[in-house]
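Take a look at the structure set out below.
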Amino acid sequence: MATKNSKQNMSVLLTKLGDRDTFTMAARELDLMARQIDPSSSSGNLQSFISVILSVDTGDKPAVRKHCIHLLAVLSVSLPLNSLSPFLSKILTRITRRLRDPDSSIRSTCVAAVSAISSRTTKPPFYSAFMKPLADTLFTEQEVNAQIGAALCLAAAIDSASDPDPVRLGQTLLPRLEKLVKCNAFKAKSAGVVVIGSVIGAGGLSGTSVSSGGLKGLVDCLLSFLVSEDWAARKAAAEALGRLATMERNELGEFKAKCLKIFESRKYDKVKAVREVMNQMMEAWKQVPDLSEEVSPPRSNASSKGDASDGRYPSGSRVGSTPAKSRTHLVNRSTPPGSSLATTARKQANRKSIDQKKTSLTASLTKPNVRRRLEWKAGGASIPTGVSLEDEQHCDHDENAKETSHSSHNTVQKLGGVSSSLNGNIPPSGATMVTGHHVLSENPNSNNCKGLEDISLIRNQLVQIEQQQANLMDLLQRFVGSSQHGMRGLETRVHGLELALDEISYDLAVSNGRMSNGSSRNNCCLLPSGSFIKSKFWKKHDSKYSASRMSTYRNRNAETTEIQNSRHRFNGSPGFIVNPLAEIRPDNDLQVCLTIEGRRETKPSKASETLKTTV
C-alpha cells in the first residue's frame, strides 16, 4: 500500500515538473524523497522510485527528462556504496537512450549522472559495469549526438572510478580509440580524444608495456589534432598531451624537441580556453628530461686514471661519463696533447693547481665565450690559444656566474671536436677533451645551442614583425596619397563648376546689355578650358565670342588661370565678386513672362527677345 502511494505521489510530482510555475517546488520534493530512501528496507521504495524515474520517455517535456536523470545522481550520492549495483545495467541502458536527445543539457546531465554513479560503485568490476556497455555504444552508434554523449560518459566514468582497471584500458580500449578517431565516419572526434586523455590519466600506458612504436603512434595521433579546425578537438588534444607528459615523462625524451617546436607554433590559439590549456601542457613537457639527462652518474676519479696514463693531466680534474641508456646515443671526442688548445689548457692547469678545486665548472665557459667560439667556427679558423683563453674565462666568470655546469660541459666538448677537426687529420679517441683546467664530456643536446636556436627564432620573429609594420606603413602612405589625389580632383571639379557659372553669368549679362565687352573682363572670371563644362551647358556652338575665348584659354596652364581668375574676380583689390545680373536698374522695362499650359504670353520687350534668343 505504501509503495502504491509512493508511486502515485511521484507521478503527481513528475506532472508538476512539466509546469514552469510548479517546477521548483516539485524538484525540491523529489530531491528530498530521493535522499530519504532507505535501501535496506524491505518495502521496495528504492526499486519503485527507480522504476518510476526510468519510465519517463521522449514524450515528456525536456525539463522532466533532465530532472529524472539528475535524480539518479542524487540517489548515488545519498545512498551507501554499491546501492545502485543491482540496477546498474538498466540505468545505463536508459541513459544511453537519452544520449540521442538533441538537447545538449540532457546529455550533460547524463555525463554528470554516470560520473556520480561510477564514483560510488566498486562492484561489479569497472570493465563489466561501465567500460563494456559504454564502449559498445561509442563504437556502434552512428548518430553524432549519441557518439558525443557516449564518449563523454565513458571519459567521466574512467575519471571518477576508484579502480578503472588501467591494464585493460591500455591493452583493449586505447588501440581501438586511436583507430576510431582516425576514421572519417566518426564525427565526434573531439569527444574521442577526451576519452584518450582519460585513459592516459588513469595510467593506461604505465599499466602495460607499450612499445616505442606504439607510443610514437599515440603522440603523432594527438599532434595531428592540434591543427584541427575544431577548437574543442585542439583543447582535448592539448589536455591529453599534458597528461601524457605527466604520467610518462621518462619515456618521452626522444619526442621532446619535436613536440616543443610544434607547441611553440600553436600556442597562440585564437580561443582563450585552448591557449590556457596549451600553456599548461607546454610547462608539463618542459619537465620531460632530455636524452642527455638520461645518462647515469659520472665515474669516480680513480676509474679515470687509465685515460691519463701519460701523467700530463692532473688528477681530480676529469669528469667522465658512463654509457647512456638504450635510447641515448653519445659520440665522445678528445683533443690530443699535440693540439694548441690542449697545450694551453695543460699550461693553465699547472699554473693554477690551487685555484682548480675552488673554481666551479660554471665559471669556465659562459655565453660570450660560446658566442666567440661559434664565430671562430663559422669563420673556418682554429680557436686562438695562449693567454687570451685565460682572460676570457676570468671575464666570463665575473659576468655569468649562474651558467649551469651541464650546458658548459656540452658546449666545450662540441667546440673541442671542431677544434680537433680543424687542426688536421686527428683520429677521435676516448671520451674526453681538455679546456682550461677541466676535462669535459661531449653532449650533442647542448642547452647553450638550444638557447642560441631560441635567440635565432626570436630574431626571425622580430624581423617578421618589422616587415609587417613596414607593409602597414606603405599601405597607410598609399591610402593617404590616394586621399590627397581624390581631394585635388574634387577641388579641380568644384573650381571648374565655379568657372562655368561665371561664364554663364557673363553670357547672360552680355546678352542683356548690362555690361559692355570691354568691362566684362574685369567683372567676370573667364573659363580656362572647355573640358570643365559638359555639352549640356552649351546651347549654341556657333558663338564667335565663346569660340574665340575657348581657343584663347585652352593652351594656358592652371597657375596662369588661377592668377587671372583672382584678378578678374576681385578687380585687383579686396572685395566680393560682383554678379551683373544682381544689379537692379529702375529704368529697365524688361518683362519676363512665363508661359504655363494655355496662358497667353505677354508681348515681350526688345530686351526679353534677346534673352530668349541667347538661352
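The backbone N, Cα and C atoms fix where each Cβ goes, glycine too.
Feature annotation from Swiss-Prot assigns repeat 'HEAT 2' to 86-123. Within its own chain, the repeat 'HEAT 2' (86-123) has Cβ neighbours under 8 Å at 47, 50, 54, 58, 62, 65-66, 69-70, 72-73, 76-77, 79, 129-130, 133-134, 137, 141, 143, 145-146, 148-150, 152-153, 156-157, 159-163, counting only residues six or more beyond its boundaries.
Tertiary neighbourhood of the repeat 'HEAT 3' (125-163): same-chain residues 85, 88-89, 92-93, 95-96, 98-102, 107, 110-112, 114-116, 118-119, 169, 173, 176, 180, 186-188, 191-192, 194-195, 197-199, 201-202, selected by CB-CB distance under 8 Å and a gap of 6+ residues from either end. Residues or ranges marked as repeat 'HEAT 3' by Swiss-Prot on the basis of sequence analysis: 125-163.
For the repeat 'HEAT 4' (168-205), same-chain residues at least 6 beyond its ends with a Cβ under 8 Å from one of its own Cβ atoms are 127, 131, 135, 138-139, 144, 147-148, 151-152, 154-155, 158-159, 161, 215, 217-218, 221-222, 225, 228, 230, 232-233, 235-237, 239-240, 243-244, 247-248. The repeat 'HEAT 4' annotation in Swiss-Prot covers 168-205.
Summarising the annotation, Swiss-Prot assigns repeat 'HEAT 5' to 213-250 and lists sequence analysis as the type of evidence. Mean pLDDT across the repeat 'HEAT 5' (213-250) comes to 90 in this model.
What Swiss-Prot records for 288-446 is region 'Disordered'.
Marked as compositional bias 'Basic and acidic residues' by Swiss-Prot: 391-406.
The phosphoserine annotation in Swiss-Prot covers S456 and is backed by similarity to another entry. For S456 (phosphoserine), other Cβ atoms within 10 Å of its Cβ number 10.
Taking DSSP states H, G and I as helix and E and B as strand, the repeat 'HEAT 2' (86-123) has 29 helix, 0 strand, 9 coil. Note on the repeat 'HEAT 3' (125-163): DSSP counts are 32 helix, 0 strand, 7 coil.
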